[in-house]
Amino acid sequence: MVLTDLHKGETAVVVRLAVEHEALKQRLLHLGVKEGKMVRVKAAMPFGGPVMVEVDGQAIGLRRKEASSIEVK
Amino acid sequence: MSYVALFGNPNTGKTSLFNCLTGSYEYVGNWSGVTVEKKVGVLRQHGVPVVDLPGIYSLQPLSRDEGVATDFLLTEPCSAIVNIVDASQLQRNLHLTVQLLEFGRPLIIALNMVDVAEKRGIKIDAVKLSRHLGVPVVPVIARTGKGAKELERAILSAKDGHHSRMFIDYGVEVERAIRRIAEQLPDDVPGDKRWMALQFLEGNERLAAYLRDHFDLSPLLAIRKETEQALGCQAAKHIYETRDRWISETIAAAAIEFKPKPLTLTEKVDAVVTNRYVGLPIFLALMYIVFMLTFNWLGTPLADQLDTFFSGPLTDWLSRLLDWAGASPFIEALVLDGIVAGVGGVLVFVPQIFILFFFISLLEDSGYMARVAMVMDRLMEAIGLNGKAFIPMIIGFGCNVPGVMAARTIEQPKERLLTMLLLPFMSCSARLPVYALFAGTFFIHEQALVVFSLYVLGIVVALGLAKLFSSTVFKNESSLFVIELPPYRVPQALTLWRSTWEKGKGFVRKAGTFIFGGSVAIWLLTYVGPHGVGVPMDDSLLAAIGGLIAPLLAPLGFGAWQAGAALITGFLAKEVVVSTMNIIYHVREANGLEQMIAAHFTPLSALSFMVFVLLYTPCLATVATIRKETGSWKWTLLSIGIALTVAYMISFLVYQVGMMFHFQ
């Protein structure tokens with residue numbers, strides 16, 4: 001399952017960060033999105049826009065494409 | 001000169017703390033990337049220089065502003081580092097702390113936002129944390145200045161002293177690599193050799209570029225490669241994970257309470273403003289309310305009163321004063337028709353500009369700014385930019401110069417360049433006097449709507465061109481977007497006022513310097529003609545200059561020399577367009593200018609003129625900033641060229657289509 005499969009308000013654990021873009025992956029790591037972390041989907045923008053997730057009480061906005069390369073369970 | 005440097009994650013309150021420590025009023029806000037360059041101040045009463053740096057998550061920069069912080073460590077001496085740590089986000093904040101500790105300079109931790117952390121169910125024992133990290137930890141609340149005195153004492157006693165003996169064991173392979181790299185490094189490198197070796201292993205590009213200038217990197221690259229083979233993964237990943245474990249242990253040892261719970265206010269507000277369906281409409285509605293307040297409900301009545309005062313009592317009073325002092329007619333004309341008309345004509349718009357700045361400050365300070373970037377990202381993605389580019393654009397509504405600077409936070413070079421080139425289409429506050437004058441004359445009842453449409457036109461043109469460029473010149477360049485959404489906070493009255501005043505001050509100051517000087521020069525140009533002095537206006541030098549481009553402007557509906565002259569002088573600063581018109585149509589009674597303008601323009605040509613002023617060229621200060629930030633005259637000239645062409649085309653369309661349908 002990937003992050004974008006979650007519905008609004010659902011929580012899951014990050015299994016793998018399969019983000020291709022190296023800089024983006026670094027940024028996500030530094031924001032606390034990493035393996036073993038609980039993430040919660042807070043909102044999704046319409047027309048395939050970004051999703052808003054929460055990790056450690058920190059809200060982050062990222063694009064659907066990148067969110068879909070974050071594997072969760 | 002050796003600095004005390006302020007380091008920390010983005011949006012942890014570095015600049016607030018800097019302002020407390022140095023008594024400065026640098027620009028603060030509640031989103032990541034407010035500070036994009038280093039700012040220097042002096043520690044009050046002690047004469048110690050302090051430098052504020054852009055926020056970073058780690059010493060490996062991903063964007064231009066982050067590079068500023070890493071470059072500082074590599075090239076400038078520092079006597080101590082103050083690391084501002086957000087107590088509510090300890091885990092990720094301490095990643096930077098560890099890297100700074102490894103750098104090996106005296107370090108003091110300012111533990112900020114302890115109040116926010118407590119609301120989130122996190123309570124940290126500063127003494128235990130201090131013992132674990134081996135450095136002083138001072139709890140502060142940077143927004144209110146609480147703890148600043150204690151921090152100052154800690155800085156003074158730690159400065160130039162010992163550094164922490166904190167040591168993380170990265171495992172056999174990495175430790176061996178560190179030793180081998182350290183052996184190769186020359187003795188005069190900045191920072192600890194262990195630090196440098198670790199940063200190199202992590203793949204710090206800035207550092208690699210710095211080392212490359214001094215010697216051949218291939219042996220070091222070979223060591224990194226060997227280490228990565230032995231580890232079976234990237235060295236950066238291994239180092240990150242080792243640090244992460246160490247940090248978790250540190251927090252477990254130093255936390256008194258750790259039962260994170262959500263911030264309810266933020267949750268509630270976000271449920272509405274980032275809602276799938278109403279998020280974007282809410283943003284647009286808020287913007288519209290801001291415009292109504294600025295132009296219809298509040299700003300215009302105030303500006304009218306100021307105008308009545310300037311053209312009535314103030315002019316009379318000055319005129320009597322000049323008579324009493326026995327001033328020559330020349331001086332009297334210069335003061336009343338030049339300076340009062342030129343400078344006063346711009347100053348009357350101070351109420352509108354301050355109201356607009358107040359709302360921009362409110363947007364910046366509340367935490368809503370980052371949400372706007374996210375709400376707008378889908379649209380921005382479609383035109384080849386990202387949501388973050390919307391933040392410089394909003395700032396550009398105040399003034400284009402800080403807007404161009406704010407583009408530094410955009411990670412992708414192409415997106416940053418595009419944002420900078422198109423930023424001048426954002427209608428800055430200097431263009432506002434022009435709209436207020438023309439829309440106030442010709443569109444009295446629809447003023448807010450007309451002005452709102454101009455702002456929207458600026459955005460539409462910028463976005464349209466972005467689409468054009470990203471699907472031609474910048475094809476195949478990837479775009480990315482990730483943004484931190486800070487907790488909301490209720491803005492403090494004092495911060496809001498300061499932030500509004502700091503922005504507005506520039507406008508008032510410009511009126512006293514640039515526009516004052518410009519007004520004198522323009523008046524002189526109207527006074528002197530090719531065939532003598534004191535000539536009728538139509539035979540003046542200004543008329544000759546304006547007349548040069550007037551024929552070109554005729555198809556746009558404003559082919560008189562007066563419009564041409566106002567536009568040329570408007571390159572200095574766009575307010576000067578209004579100053580020039582005030583001087584040209586020199587009228588000393590209230591509302592006189594509006595009558596004169598009504599005689600020279602029609603509603604249609606006024607609309608065309610406003611569109612042209614909106615788009616035609618970035619002002620001198622913006623051009624200089626674009627040149628500095630892009631480092632290229634080619635892009636700068638292109639930005640001017642695009643603006644002139646687009647302005648001409650759209651004004652032409654507005655006027656000619658309007659004529660076709662017999663709008664006058």
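Note: Cβ is positioned from N, Cα and C throughout, glycine not excepted.
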Segment assigned the feature transmembrane segment in TrEMBL (from B:107-129, B:314-336, B:383-405): B:383-405
Candidate ranges B:67-88, B:507-528 [criterion: TrEMBL lists as transmembrane segment]: B:507-528
Other CB atoms within 10 A, centred on B:Met113 (GTP binding site): 27
Minimum Cα separation from B:Thr22 (Mg(2+) 1 binding site), reported as the residue among binding-site residues B:Gly8, B:Lys14, B:Glu37, B:Pro54, B:Met113 that achieves it: B:Lys14
Stretch of maximal Cβ-Cβ contact with the transmembrane segment (B:450-469) [cut-off: under 8 Å; candidates B:383-405, B:417-444, B:507-528, B:597-623]: B:417-444
Binding-site residues: B:Asn11, B:Thr22 - member with fewest neighbouring CB atoms within 10 Å: B:Thr22
Sequence-remote partners of the transmembrane segment (B:597-623) [C-beta within less than 8 Å, at least six residues beyond its ends]: 400-401, 404, 423-425, 427, 430-431, 434-435, 437-439, 441-443, 450, 454, 457-458, 461, 556-558, 560, 562-563, 567, 570-574, 577, 581, 585, 636, 639-640, 643-644, 646-648, 650-651, 654-655, 658-659, 663-664
Segment confidence, the domain 'FeoB-type G' (B:1-161), expressed as mean pLDDT: 91
Conformational class of B:Gly8 (GTP binding site) under the three-state DSSP mapping: strand
Greatest C-beta neighbour count within 10 angstroms, which of the binding-site residues B:Gly8, B:Pro54: B:Gly8
